[in-house]
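Just dropping this structure here.
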């Protein structure tokens, strides 16, 4: 048992080191895209904070989702955040599975370049929409009478550039469309294309639907915020996926051609005339019952022979 553990540990360590060297090479080539994506995440956070300064609380708008779904209440608002955190962490860990598992289909650096491109495009559209029209927030801390429904004006430029972690849960004004649904749908669609487990793919879409209902039931967004996110994110990912270069497929490395299959392939080529040198098909002349490979007629009586 100890010998088996040592052998497997050695294999795992070699696999990890090999993957590290591969990913470092990819990181050296693509670090600019990753850095740009992270900077855009920061800018998106600043934009969401900025709209909180100009948010004006008011009566909650009439909403079909609020009418159909019972309100969870402020004490149960953590449920949707728990589901989102589970989705985020699960996807994050999955992108690093090539470092551990033997079967792998993606490169970690390349998959995150692709994911960040999807996120940035969707967030750019989101910033445009929630700055175009500010709706009164339906969340409990955004309603009339709440002390945090509107941020006090900043006293310095440094305060504007600071990102408050609590703004993720206690922001107001950044409604159309839901940022949580952007991340959730991008992650689910990415695994749908590059994942290998069908059960997890189905479970991912089911989780996205449940997440949508929980967001509305928690009164964190209007129904329109969730609906717009569903078709906008899917359309953006669909269009960008056609434009971005496809990731190299790693599964071919795990499927070497065995000798039996190679023999069948060679026989198939021979039957179709593809496995023979084209030079062997050129016309040849017959000389005294013999074939001259150069196609030139030779006479054995020439030169008195």
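Placement of Cβ uses the backbone N, Cα and C atoms for every residue, glycine included.
Feature annotation from Swiss-Prot assigns active site to 180, 221, 225. Summarising the annotation, Swiss-Prot assigns transmembrane segment to 34-54, 81-101, 105-125, 168-188, 198-218, 221-241 and lists sequence analysis as the type of evidence.
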Please report the number of other Cβ atoms within 10 Å of the Cβ of residue 225 (active site).
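I count 27 other Cβ atoms within 10 Å of it.
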Distance check, please: Cα of residue 180 (active site) against Cα of residue 225 (active site), rounded to an integer number of angstrom.
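Rounded to the nearest whole number, the Cα-Cα distance is 10 Å.
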Under 8 angstroms, Cβ to Cβ: which one of 81-101, 105-125, 198-218, 221-241 has the largest number of such pairs with the transmembrane segment (168-188)?
221-241
So for residue 221 (active site), how many other CB atoms are inside 10 Å of its CB?
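Step by step: centre on the Cβ of residue 221 (active site), count other Cβ atoms within 10 Å, giving 29.
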Determine the Cβ neighbour count for residue 180 (active site): the number of other Cβ atoms within 10 Å of its Cβ.
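Other Cβ atoms within 10 Å of residue 180 (active site): 24.
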